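Student: Below is one structure. I have some questions about it.
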């Protein structure tokens, strides 16, 4: 299995990255330092995670120590929904760049297709608890993303949480300069995303799987929610390979030719999550894992369900 996947502009993207969603600011610096020391080269960030400054401290330290060269790192961040207005994209990008203490990013994604009302709140809500949308169209936002590439600020651009119809709208944009190179989506055995992945691959778009372990530390977890890590069927498959359940859950997307970004701030787990290139899950076990799909989402973003660009209504 490849340790890198080639993007549609020839850039190579490491198959395994460190996720930083929900990594507490006080722990994420150490987590990123440990990850780089262990051999991680791909770090997945976002402005809305509110910890990019701390990630930047770790990156700077490792670059200064010459543990790694900048060109060997693959740093990803994402444009938040309150900055979809074309005039706001560059400012949001520059904030991320300065927080991460970098001169350029390797990949910048539109985090969600849904534009929100600009302002200090990341989730501006009305009295009924619904997100207040902005009067923006992500196709226009894409034009501003393309300008970042032209200015040499980012090597590659892509999307996240977009459905095929939404990607199609970008691909059909008049005067399109750069196709989305990546679509980052939630993906694990309870949400296998076969149709969406098949669509993306048919368009030469690499898919990154987030929440590969089902995001067990999500704040809104309910006791009755299914747990991938505790699923006895997945535990049994892992035992067969003398691997942990997490390692099988990380290996699963890799064998589907996806990029995967498990999050951890625990050094032992960060190391364990990297040890997924020395075994192969059989095609029978892969088919079994795929059969566990139940279209169960960790990240359904229900506060946006009434938004015109909410991505999860149509399973197309």
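Positions of Cβ are set from backbone N, Cα and C atoms, glycine also.
Bear in mind that the values here come from a model prediction, so they are computed numbers and not experimental data.
Straight from Swiss-Prot, here's the annotation block:
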- 49: active site, proton donor (ACT_SITE)
- 10-19, 211-273: NADP(+) binding site (BINDING)
- 111: substrate binding site (BINDING)
- 2: N-acetylalanine (MOD_RES)
- 3: phosphoserine (MOD_RES)
- 95: N6-acetyllysine (MOD_RES)
- 222: N6-acetyllysine (MOD_RES)
- 263: N6-acetyllysine (MOD_RES)
- 78: site 'Lowers pKa of active site Tyr' (SITE)
Student: What's the CA to CA span in angstrom from residue 10 (NADP(+) binding site) over to the residue listed as 'phosphoserine'?
Tutor: 15
Student: Name, in the order they occur in the sequence, the residues of the same chain whose CB lies under 8 A from the CB of residue 78 (site 'Lowers pKa of active site Tyr') and which sit 6 or more residues away.
Tutor: 45, 46, 47, 48, 108, 109, 110, 111, 160, 184
Student: Please identify, among the recorded positions 49, 221, 251, 261, 271, the one with the smallest Cα-Cα distance to residue 95 (N6-acetyllysine).
Tutor: 49
Student: Determine, using Cα-Cα distances only, which of these recorded positions is closest to residue 271 (NADP(+) binding site): 3, 49, 222, 263.
Tutor: 263
Student: Quick one: pull the CA-CA distance for residue 241 (NADP(+) binding site) versus the residue listed as 'phosphoserine', whole Å only.
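Tutor: A Cα-Cα distance of 20 Å.
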Student: Filter the recorded positions 3, 49, 222, 263 down to the ones within 10 angstroms of residue 211 (NADP(+) binding site), Cα to Cα, kept in sequence order.
Tutor: 263
Student: Rounded to the nearest Å, what's the C-alpha distance separating residue 231 (NADP(+) binding site) and residue 222 (N6-acetyllysine)? Just drop the number here, would you?
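Tutor: A Cα-Cα distance of 16 Å.
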Student: Which of 10, 231, 251 (the binding-site residues) has the most other Cβ atoms within 10 Å?
Tutor: 251
Student: Do you know offhand how many angstrom separate residue 222 (N6-acetyllysine) and the residue listed as 'active site, proton donor' by C-alpha?
Tutor: 22
Student: Of all the recorded positions given, 111, 263, which residue's CB has the most CB neighbours within 10 A?
Tutor: 263
